[in-house]
Amino acid sequence: MAKKSMIAKQQRTPKFKVQEYTRCERCGRPHSVIRKFKLCRICFRELAYKGQIPGVKKASW
């Protein structure tokens, strides 16, 4: 889990556009965020396995 202070810091608008970065909307993780879903890989995987993300299913071939 991300620190509450870091999540609060990210909510503020930065002085420069370059300073913005993505965070997982579910857990607040700053790394490996899938932009389309705004989720980190871990949360994305959990929700995909549960079938809670429409149009996403586990690949099998």
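Just so it is clear, glycine is given a Cβ too, placed from its N, Cα and C backbone atoms.
Sequence annotations record features per position, and here Swiss-Prot assigns Zn(2+) binding site to CYS24, CYS27, CYS40, CYS43. Secondary structure at CYS40 (Zn(2+) binding site), taken from DSSP and collapsed to helix, strand or coil, is strand. Within 10 Å of the Cβ of CYS40 (Zn(2+) binding site) there are 23 other Cβ atoms, across all protein chains.
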Query raised in the report: What three-state secondary structure does DSSP assign to CYS24 (Zn(2+) binding site)?
Result: coil
Query raised in the report: For Zn(2+), what surrounds CYS24, CYS27, CYS40, CYS43 with a Cβ no more than 8 Å from their Cβ centroid?
Result: GLU25, ARG26, GLY28, ARG29, VAL33, LEU39, ARG41, ILE42, PHE44
